[in-house]
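Can you read through this structure? Questions will come right after.
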Amino acid sequence: AAATVCRAAAVKKKGVKVVHGKEIPWNLFTPKAPYKAKVVPNQKHPQTLTEDTGDANWETTHVTFDHGGNVPYIEGQSIGVIAPGPDKKGETPARIRLYSIASSAVGDDETSKTVSLCVKRVVEVDGQHANREVGEDKPDKAGTAFPKNKVYRGVCSNHICDLSVGDDVMITGPTGAEMLLPEDPEANIVMLATGTGIAPMRAYCRLLFNDKVGGEGDSRKFKGLAWLFMGVPYSKSLLYDDEHQEYVSKYPDQFRYDYAVSREQKNDAGQKMYIQTKMAEYAEELWELMQSPKTHIYMCGLKGMESGMAECFSPIAEKNGKDWAEFAKAMKKADRYHVEVY
């Protein structure tokens, strides 16, 4: 056995990782040797995806980089971005920040030469941290400024949101194997996203319902059900809603879309509408779907999401003589419960 182990180690290729027997691109570019990409216009979306809600951090952007085909990636992976800095610790350039890729492998323009990110601008006013003293905050690209306050602006998110067409951006990666799609065209894909956690889900949907490479003649290669639950605070912060509505109208039997707008909607019991509140309305149907080995769950967004799942599914699991924590663990072990939270 030792000999085979040695041999296996010898054929390890740089820039490739083998996941479930398939080679995927992996860390082709590192923080020490990043790739210099260029910001290009994106025909699909304006840079700012959201409307001003009155919150300091209202803006979420969609920014597209040209990587010239040098940074191949697959749906569900992430890339790193290096901001000039200085960051919180005073480092220049700043420490790399990872972002889930929001475009499918072929990119928004389907040339396989671009990559898009969905990034929320981090702005905190009069919070615990500040990197702008009173009088120092200048208007950002979207025109938002708080000169009368102490302000903290996330170093990398503001760098990305303030980029303009033609700017250079240093990227690393790709990386990540947690959120990859199943090979089975008949899989069911249940997607739970809060805020910019929509990024990988958008990549999947583009591949499944939009891209030429995901099609076969007049039909799609994907034959299963894709069901997206999206959670945001305001309807003005719904991301890629136009695309989701288009998939619903074109593929009503294969794409379902439900959203939870926590500061505007309540359920019948008068509770704020969070993603788990919305899912609870379909708990029976979702539980049924999860019993199939073909069903995968993808979760991306804020850390509290897993407890939301437990809140939603514990009662129905119990009713069916199962323990939710055990069931979720078994799904994870079968590689059909995928979680990326930050």
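Cβ atoms are placed via backbone N, Cα and C, with glycine included.
In case it helps, TrEMBL gives these features for our protein:
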BINDING   SER100, LYS120, THR196, VAL232, PRO233, SER262, ARG263, LYS272, GLY301, LEU302, GLU340  NADP(+) binding site
DOMAIN    32-181  domain 'FAD-binding FR-type'
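I'm curious about the neighbourhood of these features; can you describe it?
Long-range neighbours of SER100 (NADP(+) binding site) (same chain, six or more residues apart, CB within less than 8 Å of its CB): GLY76, GLN77, SER78, LEU117, CYS118, GLY176, MET179, THR196, GLY197, ALA199, PRO200, CYS300, GLU340.
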Tell me, what is the mean pLDDT of the domain 'FAD-binding FR-type' (32-181)?
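It averages 96.
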How do the residues of the domain 'FAD-binding FR-type' (32-181) split into helix, strand and coil according to DSSP?
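Helix, strand and coil residues of the domain 'FAD-binding FR-type' (32-181) number 7 helix, 46 strand, 97 coil.
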Find, among the binding-site residues listed as PRO233, GLY301, the one whose Cβ has the highest number of other Cβ atoms within 10 Å in the structure shown.
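The most densely surrounded of these binding-site residues is GLY301.
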